[in-house]
Amino acid sequence: MYEHESRFDEAIQLLDESLEILKYETSEIVKKIEMAKIMALRCWIFSLMGEVGTAEEEGNKALQLINECRKTRDKTLHKEIEQALIHLFDSLGSIYYEKGEYKKAIEHYTSLLKISEKIGDTMATAMGYGNLGVIHYELGDYIRALEYNQKDLKISEEIGDKRGIGISMGNIGTIYRELGEYEKAVECFEKDLKIAEELGDKFSVGTALNNLGLVYYDWGDFEKALEFFMKDYRISRSLGIKQGMGITSINIARTFLAMNEVEKAYQWSVKARSVFDELEDRFNLAVVNNLLCDLWIKKAELKDKRESFLDLLNIADEYARKAIEQSRDIGFKSGEAIGMVNLGRIIHKKLSSEMFGEGEKEKLIRAAHTFFETGVEIIEELGKKKALADILLDYGRFLKYIGDENYKKVTRKAEKIYKELNIKL
């Protein structure tokens, strides 16, 4: 498949040629069905390229055509129309997932599941379960996510879909990683990697390598993590997957930051930003700006005599506000929440400098409360339990620093969530 080989331009060109050929189709209903299929594929490819706006536009055109086709009385075409809808709902679900609009993504994947079960398309059913598992993972509902992914795995094993088995193992491994069960996570990712290598699927090899890097990052083995991330980056570069290069650059930057190698972290952050600027990927640009905020906070912590502590924190503040603005523009709630919490963290750091008078100090404390509480409110609304616990822990540290006894209540709430999720602190 052109998509998996990342030959996106060739794939789009072939689909455009197919649209031209359809002009000679005499049956109007068949022409519309085939056009809808092609637009659904274009939607999918543009989403893989990171061109979310174009992908959504193509998807909506395809949906309009399919809805027109569903009115036909020719029952022989009904199954073909339903299969076109399955592909379209998969593509649209992916787009809304990337935008952080999880409710819409769930609606599309649930619709996909209903249709696939109705027409007996087991491979699509497995895909639907897997996609719902990924979203519930993002929402922090790890138990339900595990259930969906295990259903996906079972079907893939029954029909002998090796790639489907690999994808399921990768998704299950991601859940185990989040739960702190790193040995199980590594086992799943290694199985995924082995299958991808056997199939010669370089794209999936890169994904498995990236996932292994994330586990070793969590373990604190940063050298090993970098080894996996660099391998993934080289694969993405060789395949021309710009979005993959950008995402892996973020992971490499985060790893160097954890190693206190700030300049290397900055270089990789700039690489990521350059990629997402080119792709006009506002979602990941917001992610990069929050990362750059973390980087400048770290620079402040490690500052030398040539740099002002507060000046560095002010730069971090600018990146956090930029991330918030970008996130709000596209409805990326998680990015907005992270930016808000970062502003709270920056104030926490500023107060530790003890450079403020009582009046200014009280003003900063009030602002920090607002930032932290806004972040908590957004994440609670999204239902992202793990992220909520992380934010509450940061807020608790701030409250303890300013001598507010509410830190105990906030910290206990965070610890309770971690316990419910079976996450080891």
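We number each residue from 1, going along the chain as drawn.
Any Cβ shown, glycine's included, is placed from N, Cα and C.
It should be emphasised that the depicted structure is a prediction, and the values quoted were computed from it without experimental measurement.
Proximity of distant same-chain residues to the repeat 'TPR' (86-119), defined by a Cβ-Cβ separation under 8 Å and at least 6 residues beyond the stretch ends, is recorded for 36-37, 40-41, 43-44, 47, 52, 55-56, 59, 62-63, 66, 79, 125, 127-129, 131-132, 134-135, 138-139, 283, 330-335, 382. What TrEMBL records for 86-119 (among others) is repeat 'TPR'.
Per TrEMBL, the feature repeat 'TPR' maps to 126-159 (among others). Counting residues 6+ beyond its ends, the repeat 'TPR' (126-159) has Cβ neighbours under 8 Å at 90, 93-94, 97, 102, 105-106, 109-110, 112-113, 116, 165, 167-169, 171-172, 174-175, 178-179, 382-388, 421-422 in the same chain.
The repeat 'TPR' feature in TrEMBL is assigned to 166-199 (among others). In the predicted model, residues of the repeat 'TPR' (166-199) average a pLDDT of 94.
Taken from TrEMBL, the feature repeat 'TPR' covers 206-239 (among others). Secondary structure counts, DSSP: the repeat 'TPR' (206-239) has 32 helix, 0 strand, 2 coil.
According to DSSP, the repeat 'TPR' (166-199) comprises 31 helix, 0 strand, 3 coil.
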